[in-house]
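Novice: Structure provided below as structure tokens; questions to follow.
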Amino acid sequence: LKCNQLIPPFWKTCPKGKNLCYNMYMVSTSTVPVKRGCIDVCPKNSALVKYVCCNTDRCN
């Protein structure tokens, strides 16, 4: 799996076991991702932070 980095068009190959790509957004600015990368389990959203996860190459 390859996930986008925060600075397009760069991406990285995920290590074994981290088979989701994710975008992390601040709820206050939910259009601009704060962090992107590979993760094993999609984190739960909180009052301040929203996560969007997906499982195909460079889908974040």
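Glycine is treated like the rest: Cβ placed from N, Cα and C.
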Novice: What residue among C38, C42 is stated in Swiss-Prot to be the disulfide partner of C14?
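Specialist: Here Swiss-Prot pairs C14 in a disulfide with C38.
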Novice: Quick test of reading the record: Swiss-Prot lists a disulfide for C53. Which of C21, C42 is on the other end?
Specialist: C42
Novice: Please list, in sequence order, the residues in the chain of C42 (disulfide bond) that are at least six apart in sequence and whose C-beta is under 8 Å away from its C-beta.
Specialist: L20, Y22, Y51, C53
Novice: Work out how many Å separate C14 (disulfide bond) and C3 (disulfide bond) at their Cα atoms, rounded off.
Specialist: 7
Novice: Return the residues near C3 (disulfide bond), defined as same-chain residues 6+ apart in sequence whose C-beta is under 8 angstroms from its C-beta, sorted by sequence, else 'none'.
Specialist: W11, K12, C14, C21, Y22, R36, G37, C38, D57, R58, C59, N60
